[in-house]
Amino acid sequence: MTDKKLYISDVTLRDGSHAIRHQYSVPQVRAIARALDAAGVDSIEVAHGDGLAGSSFNYGFGAHTDVEWIAAVAESVQRAAVATLLLPGIGTVHDLREAYAAGARVVRVATHCTEADTARQHIETARSMGMNVAGFLMMSHMIPPDRLAGQAKLMESYGAHCVYVVDSGGALTMDGVRARFRAFKDVLDPKTETGMHAHHNLSLGVANSIVAVEEGCDRIDASLAGMGAGAGNAPLEVFIAAAERMGWHHGCDLYQLMDAADDIVRPLQDRPVRVDRETLALGYAGVYSSFLRHAESAAGKYGLKTVDILVELGRRRMVGGQEDMIVDVALDLQRSGGAKSREAA
């Protein structure tokens, strides 16, 4: 780690949306954005939890449109860049243009870790619009580091300024993070930045982010009070405190972040964002973190244990976008009388 300035990317208003079933009100969005802007983060990501156009029967309907949320952030900040997320196959280039018109200037184009080729049109279009573009390789734990690096190289070739290791399942350990960033370094142009998006399902969100920085990572995703899918993301205030202890240049006011986490964000959680039996199962089984609330609903409806549904989803290697399979798995378990196996995938 050099004296370079870390790019701090807050995801409270996008990934954090999963934790409250995409029900942020516009006043809540404004309050969180103002607090983050005052605390010095570099960008604030905002959208439905599943990205632009994610509001749907499959993923859950949002309280507002993406454009309304993006405009609320853009109107509330003085210095932070407004970011958003797009998953090809859910969001379209049309949605991207609407987001830009509402104030978004950074976009993260997210694909499953083996499907970077689906991002080409969206990355190229975003670049042509003058946006800062990051490639986002979700479920990065599911393939070896060299294959992940090959996918990162594709995103770079389409024009991504930055490519992320995205631990959507919160299943990576520190060694796994280190190996992936070293593989990225072997193939990416030195001018291409790298980023880390951690989840806290094994309580390793901050540790994994620290390892990423030690391996040269430029951008760190985090959220206030860890607000995010599953056990949440790396808690922003905790990561900044650790970075401060390590003497890293982050540009954020720790005390303002601590206040925002406890006074604004934590009271919004209708289900505590924490490591517990269910969220630990996500990390243990390597399951997409946003499956949590859907699996809990299915467990309640069909008289099952959420953990059993999650572990079976991991055994079947289900990935983001296959939320409809949660009910299928629940019905299979109900017919078979419960858990098939609690061995991790």
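Cβ atoms here come from the backbone N, Cα and C positions, even for glycine.
Keep in mind it's a predicted model, so treat the numbers as computed, not measured.
Swiss-Prot lists His197, His199 as binding Mn(2+), and of Asp10, Asp15, Asp37 the one it places in that same site is Asp15. Swiss-Prot lists Arg14, Asp15, Ser168, His197 as substrate-binding residues, and of the candidates Tyr288, Tyr302 the one it assigns to that same site is Tyr288.
Of all Cβ atoms in the protein chains displayed, 31 besides its own lie within 10 Å of the Cβ of His199 (Mn(2+) binding site). According to its DSSP assignment, Tyr288 (substrate binding site) is coil. Annotation: Ser168 are the recorded positions among Arg14, His18, Ser168 whose CA atoms are within 10 angstroms of the CA of His199 (Mn(2+) binding site). Remark: Asp15 (substrate binding site) has Glu45, Gly49, Asp221, Ser223, Met227, Gly228, Ala229, Asn233 as non-local neighbours, by Cβ distance under 8 Å and separation of at least 6 in sequence. In this structure, the recorded positions His18, His197 were compared by how many other Cβ atoms lie within 10 Å of their Cβ, and the smallest count belongs to His18.
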